[in-house]
Every structure is written in C-alpha cells, then in structure tokens.
Amino acid sequence: MLKQPEMILIDVDGTLVDSVPDLTFCTDTMMERLGLPLRGETKVRQWVGNGVERLIKRALVDNMEGEPEEDLYQKAETIFLALYADNTSKRSHLYPGVNEGLAWLKSQGYRVGCVTNKAAQFTYPLLTELGIIDYFEIVISGDTLPEKKPHPAPLLHAASHFGIAPEKALMIGDSISDVKAARAANFQIVCLSYGYNHGVDIRDSQPDSVIDSLIEIKNLLSQAA
C-alpha cells in the first residue's frame, strides 16, 4: 500500500501527453529532407522516452542502439529542432483522465510539480498550449539541471524546492527511466500502463502501483496509509 505523499511529481510524455504524433511528423519530415526512408509512427512510438537526441539517432540508424555519423547527426538535429519548435503541440493531446486527475490532486492540496526530460523550450509551450501548466508549482525540464532522469537529481531538486523529504514524495510516470529515478531518490513510484516504455510492460519494472488513467490516482491515494 502507498504511503500518503505530500508532494507529487509527474512526467509529461507518455504520462500526461501523447506527443508521438508531433514527434513522428518531425522525424519523418527530417528524414525526407535528408533523403532517407521515413520511419513511421509505430517505430517512433518504440523509440521515444530518452530525449530528442536519442530519438534522432534511433531514426537515423533505424535501431534502438547505434550511433550515426556525427556530421549526419548534426545536420539532422538542426532540422528536427527547427521543426519541433513549430510542432510541439499541433498533433499532441492529453490522455483521457489527465485534466480530471490533475484537478483532483490540486483540490486535495497536494504540492504538484512536473519533471520531464524534454527541453524547456518545448516543455513550456506544450504544457501551456494543452492548458495544464497552471496545475504545476514547479516545472523541471531536461535541461534545468546537468542531470536528467533516470538520475535522481531532478526529483531531489523538486523535493528541496518544496522542503519535503523524499520519502514523503511520489513520482508518477510511465517508463523504466521514471522508476529508476524514483528508486534512486527514495520516492514512491506509480506508473501509467499506456505510456512509452519501448514495448515492455511497465509492470516488469515493479513500480509501487500501476494505473490505467490518471483519474485512478484518486482511489489510490484515498486508500493510502
């Protein structure tokens, strides 16, 4: 059973927002401009979750692992970042239950923050345009600190900001990166079943609980000790 938290941090991509449609558009447009084969949404959905740099590299080599030639990567990154700046939220959407779940958390007085590996230049427009930025008292992006998830630093930074002990904090995410960061920071961790985890069932990573919609956090926390 979960212990009652005082602070809750929530991941963005794959947890609150399905951003794959925009990431696929940018990836395939980048590939087209480079004269390379398009990769499509099914592959992009498997590749997301470790930041834009890894997504671009995976698209270039058509594999989860591997490194493209540096000059090709630099050219691709320039194209992708320009595209994504204009396509952060045009096709992306909130998952069902997100607005309701966030509203409930705020109504109950939880301190709520956002921790993502997405760069700030993309995070703030995305959260703003989807209408959820005001739910968060702090937003920690992938370039806020020298380290990002699965390193515990972003989570511990938020705990310090709120003045709350890590053992009284909860992370809500969707991937093994979120689980690793939470365990290393001594946070509890709840995962959404539908997110981006490279095709692997998130239950295999043994989070404290798994839910199918953010609105289910209401029942989970109502039963917390």
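Glycine is no exception: its Cβ is also placed from the backbone N, Cα and C atoms.
Fair warning: this is a prediction, and the values are worked out from it, not measured in the lab.
Swiss-Prot names Asp11, Asp13 as Mg(2+) ligands; from the candidate set Asp174, Asp201, Asp204, the record adds Asp174 to that same site. Apart from the site residues Asp11, Asp13, Asp174, the chain places the Cβ of Val12, Gly14, Thr15, Leu16, Val17, Gly49, Thr116, Gly173, Ser175, Asp178, Leu192, Gly195, Tyr196 no farther than 8 Å from the centroid of the site's Cβ atoms, the recorded Mg(2+) location.
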